[in-house]
Each structure stands twice: as C-alpha cells, then as structure tokens.
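Below is one structure, written out as structure tokens; comments come after it.
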Amino acid sequence: MEIFDYDNILLLPRKCRVESRSECDASVELGGRSFRIPAVPANMKTVVDESICTWLAQNGYFYVMHRFDLDNVQFVREMQGKGCFASISLGVKKPDYDTVDRFVAEGLCPEYITIDIAHGHADSVKNMIGYLKEKLPRSFVIAGNVGTPEAVIDLENWGADATKVGIGPGKVCITKLKTGFGTGGWQLSALKWCARVATKPIIADGGIRSHGDIAKSVRFGATMVMIGSLFAGHEESPGQTVEENGQRFKEYYGSASDFNKGEYKHVEGKRILEPVKGLLANTLIEMEQDVQSSISYSGGKKLMDIRKVNYVILGGDNAGEHLLM
C-alpha cells in the first residue's frame, strides 16, 4: 500500500480540450441535488452559523450545520420556510434520538443528516443510521468519521448514503497526538484506500491546505471535500475577532476542543487564530475557478475527468510516476 499525503503528490496534466477554464463544469451531485463546487465548509462553530448556511444554500453550495448549542428542529423549520434545503448534524446520544422524534412529531424531514462523531465505526452509529432510516427515510444520511475500508463497507451496509473519511488530519485536530490513531499525515492515502471499496459517495474530511488539494481529493475518490481552515477566518465567520499587532484574526477551534466543549475533558482539538481573509463569497469564487483550472489540466470538461489522470509521488520509498491502470 502506498502511503502519501497532499503535500507529496502532484497530478499529471493531459492535453487541454478547452479554450478557457470557464468552459469546465466544477459542479457535483450529492443526494439528488447539484452543487457548484465539490467543497463544503466544516460543520464547526467557528466556520458556519445560521446566516452562512442560509447564504450557501441560496447560492448553490452544499453546507452542513454544526450540532452545538443549536435547536435542530427550529433550524430545519426556518431553513425550509425560506425555501432552502436543510442539512444538519446529529450525534448518537439520547438527545439526538429525541431530536429525531421531534422531527417526526412535527412532520419535518431534513434533506441531509450528518451523523458526526470522531470515531464513526461504532455500533452507536449503526443504531442511529437504523433509527434515521426507520423514522426519516427520505433524509440523505452521511455517516462518519472513519478511516478504513472495513468501516466504509460497514457504514454502507448499515444504510449510510455517504461516508465521511478522515480521523484527525485537520489543522486544529490533535487526535493523533492524544490517541496515537488517525489519518493525519496520510489522509490522501486513506481516502484512496477507502474509495476502492466504496459504492456510495465519500466526503473527504480534513487535511486540506490549498485549493489544489480539492482536485487531489477528487482524483482519489472523493465526491465532496469538507474543509475547515480555508473557510474559517472570513469577515462573516462566527469565530471571535482578535487584533494582534494591527492585524485582525478570527478564532478557529476543533469540535472536540475545550473551547468548543466548555470543559477540559476528552480534548482532541485545539484553538488557533486565522488571519481574516475577506469575504467568504470571494473565496468560494476563487475556489470554483481553481477547480475549473484543475479540470482543464486534466484534459476534461467535467469534474470527474480529474479521476482519469496519472500522478507522481514526490520523495520517499514510493516516489515516481504512477500510471492509471
């Protein structure tokens, strides 16, 4: 098995078939809807809030609302009342089951539900998937997070409509340091490994440091890429604004950090300051254009044409050109 990550892989270009990158279609389908780009902001308190999710939905982007200090039922009611799709996160505790029961009682059904726990290959996730499929069968269920083919196979067999791959590769995640487990440092290999057995969409979660990493994720099997740090630190971001030496920053912390949990127990995340990047809309436009450029370099016109290219591994035991077989 080849071990590599985003920073030591490059994709090999093929003959360009377009006059301009604007001819390339960066859109992707997930759960019966088409979205402008294969990227989604991480469902974290310092990345998304109600207003950002509304804007994303109204402008053709996928979103997943976080599950912290939030009335999910009210959120779904308000989003659907605005004519937007509703995409929420749930855990696997009793309050999460109670939330599902409230949806049923009120005749509400979120279009997307992400079961969002740090170690998603678990009986607790199996049970929640089963409950959702029984009570809210029209919801598109994303389950995670996982990092092995066995986990992907199990989640799909349990009824998940998509799986989220990535354990601890994120910029503010310290799972690998705290536990010794995870996909940090080899997230792209883990994605490739998991995608080989997947029959349903994979969302690659974590480890993205640049827009080119989106194309690399698609090449190795991702349908959608969840990103935290690149989407944090915008003017609209919900994180607290901090000024140091005349420069403005936004706080950004992991979902399992003591800042998010409000207590120093079972901490697997940290807090950092992200320089304020400007407006989120501008970043999304740039991201879409960069993905379009990636498609043009792949010799194609559609997003999934990126999966046809060869690649090279830079340095290490696996270095060299790897042809698509």
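Each residue, glycine too, has its Cβ placed from N, Cα and C.
Features reported for this protein in Swiss-Prot:
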type	residues	note
ACT_SITE	C173	active site, thioimidate intermediate
BINDING	202-225	NADP(+) binding site
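For T223 (NADP(+) binding site), the same-chain residues lying six or more positions away in sequence with a CB closer than 8 A to its CB are V28, L30, P38, A162, P201, I202, I203.
Here the Cβ of S217 (NADP(+) binding site) has 31 other Cβ atoms within 10 Å, regardless of which shown protein chain they belong to.
When the alpha carbons of H211 (NADP(+) binding site) and C173 (active site, thioimidate intermediate) are compared, the span between them is 20 angstrom.
Between the CA atoms of I214 (NADP(+) binding site) and the residue listed as 'active site, thioimidate intermediate' there is a gap of 19 Å, rounded to the nearest whole number.
Taking Cβ-Cβ distances under 8 Å and a sequence gap of 6 or more within the same chain, the neighbours of I208 (NADP(+) binding site) are Y6, I214, S217, V225, I227, S229, L230.
A separation of roughly 12 Å, to the nearest angstrom, links the Cα atoms of the residue listed as 'active site, thioimidate intermediate' and D205 (NADP(+) binding site). Cβ environment of F220 (NADP(+) binding site): L188, L191, K192, A195 lie under 8 Å away, each six or more residues apart in the same chain.
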